[in-house]
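Summarising the annotation, TrEMBL assigns transmembrane segment to 27-45, 73-94, 101-120, 132-151, 163-182, 197-217, 266-291, 311-329, 336-354, 360-380, 426-447.
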Amino acid sequence: MAIPKRSSRWYRIKWFTHEDTAEERKLILKLDLLIVPYAFLSYWVKYIDQANINNAYVGGLKEDLGFQGNQLVHLQTLYTLGAVLGQLPFLFLFPKIPMYLLIPSLDVIWGVFTLLQYRANSYAELAAYRFLVGWFEAAFFPAMHFIFGSWYRGDEIARRGGVFYVGLTLGTMTAGFIQAGASAKLNGLHGLAGWRWMYIICAIITIPIGLLGLVVLPGTPDKPNRLILTHNDIELASARLERAGHVLTGKVTWVTVVKLARSPRIWALLLLDVFFWNGSINTSTGGYLLWLKSLKRYSKSRLNELGTASPGLGIFYTLLVCFSSDLLLGPAWAITLAHTWNIIGLVILTIWDVPETAKWFAFMTTYSAVAMSSVLYGWINSQLKYSPAERSFTLLLSNALAQSTTAWTPLLTFKTVEAPRFKKGYPFVLANAVCLIVLAHLISWYIERKE
């Protein structure tokens, strides 16, 4: 049975399709309530923990630890290196390990190293913690998309992934509020600076959510969490996916690797992911916060409060783009929608010599860059539905390869000493965003032609 076509008119948009039986709709709702809230909460705390280095930097860490030169961007790079290298062992392991055990275990360890950052007394010590935080975060994002692709059809993934991905923007925004509160209320309490209290608060939030995953994550149909799923749930989920052409079992072998290496479609999707990661590094390099600090008119707590505005708008961008992809536009045009808005802001920041109000507007467009992430990974999921082995390997490889490029591109284009203008950074991101849109439409044309 073919995947149901998208609704062509907005008033016909429905959460289910007419092919879904009453029993299947009940199952889909159960899966939604198990997977999506946990994915959202876990990603939320991850981006609190990831974004807090920028908030801590403008909240007193720079002065307390004596940071100089480009040490902030070096810390961001070490986190990325940990996240990339940490993914490599899972290239062959994803189909073999129960996801409901793997993800929560890594989340708890991630929380422990988030906590340890509060005690850092030097750049070197903090650098080691940032690398390990990245290492234990590494598998989460591709693992969650592997779970989405294990339970949902291709036309169902992006909007679930969109709700999940809101955790990124909400986490970045929450990190600002936590640091603002810590700077204003906790600074000096028990002899700890406000930015140190932020890491303690983040860990207190992170570890319980990791433990929650052991109870609520359903795993995958071939390795399910039977504490929360019945035999009938698993059989029904498998049957509806098999009708849509999904294959549910399989292991990664060298034959899998060779087959993928010969596929032009896979290489195109990998390149698309590279353009995506580099077309959105403006969200993680701290440009907006560093610009606010350069204005020299705001207190530490006010800086972090204002820093929440841009990621706050990202919540709207993410939901709009992801729901539009599933229900109206399809992947290529959803990517175009997100990055056209991103490009408008990047053009302004590249010019730079514009009124201050224009800069405010430009920084408010920033998080449209990452709004299409779940669209892209949902696209990869649907293109490889015929093989869980190829799907897991490609999700990990594309994420690791693309993310690895951002371990060195910010070092060249977003040097901390060049803040807040970043004369090389914003034009570089702009070029990647344009290439992303063009390649997305070429891939869409190629897929339609092949099918």
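Yeah, the Cβs are placed from backbone N, Cα and C, and that goes for glycine too.
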The transmembrane segment (360-380) vs the transmembrane segment (311-329): 3 or more CB pairs under 8 Å: yes
Beyond the flanks of the transmembrane segment (101-120) by 6 or more, those residues with Cβ under 8 Å of it: 42, 45-46, 49, 65, 126, 129-130, 132-133, 136-140, 143-144, 192, 196-200, 202-203, 206-207, 209-214, 217
Touch test for the transmembrane segment (73-94) and the transmembrane segment (27-45), at least 3 Cβ pairs under 8 Å: no
Within-chain partners of the transmembrane segment (266-291) [C-beta distance under 8 Å, separation at least 6 from its ends]: 50-51, 54-55, 57-58, 72-73, 76, 172, 260, 303-304, 307, 310-311, 314, 339, 342, 346, 349, 359, 363, 366-367, 369-370, 372-373, 376, 379-380, 383, 394, 397-399, 401-403, 405-406, 409-410, 414, 416, 419-420, 422, 425-426, 428-429, 432-433, 435-436, 439-440, 442-443, 446
Candidates 27-45, 132-151, 311-329, 336-354, 426-447; stretch with most C-beta pairs under 8 Å toward the transmembrane segment (197-217): 27-45
Maximum Cβ pairs under 8 Å to the transmembrane segment (311-329) - stretch from the list 132-151, 336-354, 426-447: 336-354
Beyond the flanks of the transmembrane segment (132-151) by at least 6 residues, Cβ under 8 Å: 31, 35, 39, 42-43, 46, 49-50, 78-87, 90, 94, 99, 102-103, 106-107, 109-110, 113-114, 117, 157, 160-161, 164, 217-221, 237, 241, 248, 374, 377-378, 380-382, 385, 388, 391-392, 395-396, 399-400
